[in-house]
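Q: Okay, here's the structure, questions in a sec.
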Amino acid sequence: MARNQLLNITIWTALLAPVVYIGVMIVRIQNGEWDLLGPEPGRAVTQFLGTWALNSLLLTLTLSPLKRSPLSINLISYRRRMGLFAFTYMLLHLLAYMTMMLGWQWQDLNDEVVKRPYMVVGVFALLLTIPLAITSTRNWQRRLGRRWKKLHYSVYLVAALSMVHILLQVRSSWTEFVVYSSVLSLLLIERLLNRQKTA
Amino acid sequence: NAVAQAKESAYKLDDPVAPYSAVTSYNNFYEFGYDKDDPARLAGRMKTDPWSVTVEGECDVTGTFNLEDILKGIMLEERIYRLRCVEAWSMVIPWIGFPLKDLVGRFRPRSTAKYIEFITLADKKQMPGVASVFSTIDWPYREGLRMDEAMHPLTLMAVGLYGEVLPNQNGAPLRLVVPWKYGFKSIKSIVGIRFTEQQPHTTWNQIAPHEYGFYANVNPEVDHPRWSQARERVLPGNLFSPRRVDTRMFNGYDEVAPLYKGMDLKVNY
């Protein structure tokens, strides 16, 4: 039990740390340390949450190759929880954008969201994760049976759309896009190879 | 020094100036990296003294000049300008500088000089961004103005801000400030000036011509393809009440409108 509990605590801490960190930052900024995250703190918070949405999504997709790897580390039982974290970070990312960058000014919604392909792609990716988040309970898993797995394959679409979301924002450096899309590509290639092996 | 003795000028704004720390910590200076805080962290290693500027092209006085020689006898003044970044944020900054036209006159441009091109230092040894392989930029960074834009009294050459010598991240020792254009036109750390007959190639225009035009006048009616230019975030911002205000034509500097009489600014963006 000790080992399991330790693992539990470690994983929860790792996934919660970013949101706790940014929460502390927000409180400190509100309490007068206005330039803690630079002169555009809303943008910094939004980007931070977006980065962690992507990190936790890719981390979720790493669990099955990790189990198959020579190390055979089995963390599959954490996968749904990790996915929920990814969903939460995506939600917070959009929420931060709407609050801290747009200030909920609805007249800007058309100008800044509807007309912008990178925003449309991002919002679409988030919408796709809602059914996945809802059906992430064991109960739903039982109820949907085989269809559950099929439904949850759409996580790959979410990941691909997230790549498009950052690709469309590239201005002067490819680094972020190259790093993230390489990681995702590796994860997908491993799955293809594994499929061929088991087929 | 001369910067500290700069005279006040008539160029002021009612808006409060951005704090020094905001102006000097949030910079786009891709020669030092792509994050806004990279220049403040890394630009310190740039050597700005001695500094020389090469002048060439359609003018009578050409050559490579020491900065002190170029600036000898030039009167410095303080001007408070709004800087509107193409990324839809803005800051109010108290610059120390002098009208570009005072400098241009010294090189005696010929009648064939229709444009003026500026070049930023590009030194891999001092600038990690220039050394990076992931960059979309073809160094050195270049910008340009039409001659009448360069000679407009608003067009400033800056050597300082807040009564101090320019910090490196803000484009030391010599940078352009064109307040009615998006910030990327206001080229930093200038090492080259060239008078040309043809419109010069400019960096952002070359990278993405459908996103960044040669003129790059602040214009709320012409959106960047990926975001609206109708409004801007005034920095420094608050977390829960971002200061979003309407962007004004020519960034509020209406006096430059005659420069573009008869031009379709939706085409010449």
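Note that Cβ sites are derived from N, Cα and C of the backbone, with glycine treated the same way.
Sharing the feature lines straight out of TrEMBL:
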- A:7-29: transmembrane segment (TRANSMEM)
- A:44-63: transmembrane segment (TRANSMEM)
- A:49-162: domain 'Ferric oxidoreductase' (DOMAIN)
- A:84-106: transmembrane segment (TRANSMEM)
- A:118-139: transmembrane segment (TRANSMEM)
- A:151-168: transmembrane segment (TRANSMEM)
- A:174-193: transmembrane segment (TRANSMEM)
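Help me see these features in their spatial surroundings.
A: Sequence-distant neighbours of the transmembrane segment (A:7-29) (same chain, 6+ residues past either end, Cβ-Cβ under 8 Å): 36-37, 41, 45, 48-49, 52, 55-56, 75, 78, 81-82, 85, 88-89, 92.
For the transmembrane segment (A:84-106), the list of distant contacts is 15, 18-19, 41-43, 45-46, 49-50, 52-53, 56-57, 59-60, 112, 122-123, 125-126, 129-130, 132-133, 136: same-chain residues at least six beyond its ends, Cβ to Cβ under 8 Å.
Counting same-chain residues at least six beyond the ends of the transmembrane segment (A:174-193), those with a Cβ under 8 angstroms from any Cβ of the stretch are 54, 58, 61-62, 64-65, 68, 156, 159-160, 162-163, 166-167.
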Q: Could you give the mean pLDDT over the domain 'Ferric oxidoreductase' (A:49-162), rounded to a whole number?
A: 94
Q: May I have the DSSP-based helix, strand and coil counts for the residues of the domain 'Ferric oxidoreductase' (A:49-162)?
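A: Per DSSP, the residues of the domain 'Ferric oxidoreductase' (A:49-162) fall into 94 helix, 0 strand, 20 coil.
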Q: Counting only residues 6 or more past its boundaries, what in the same chain has a CB within less than 8 Å of a CB in the transmembrane segment (A:44-63)?
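A: For the transmembrane segment (A:44-63), the far contacts come to 15, 18-19, 22, 25-26, 37-38, 75-76, 78-79, 82-83, 85-86, 89-90, 92-93, 96-97, 100-101, 155, 158-159, 162, 166, 180, 183-184, 187.
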Q: So which residues does the transmembrane segment (A:151-168) touch in its own chain, when a touch means Cβ under 8 Å and the partner is 6 or more beyond its ends?
A: 53-54, 57-58, 60-61, 83, 117-118, 121-122, 124-125, 128-129, 131-132, 135, 144, 176-177, 180-181, 184, 188
Q: How about long-range neighbours of the transmembrane segment (A:118-139): same chain, 6 or more residues beyond its ends, C-beta under 8 Å?
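A: Same-chain contacts beyond the ends: 80, 83-84, 86-87, 90-91, 94, 112, 148, 151-152, 154-155, 157-158, 161-162, 164-165, 168-169.
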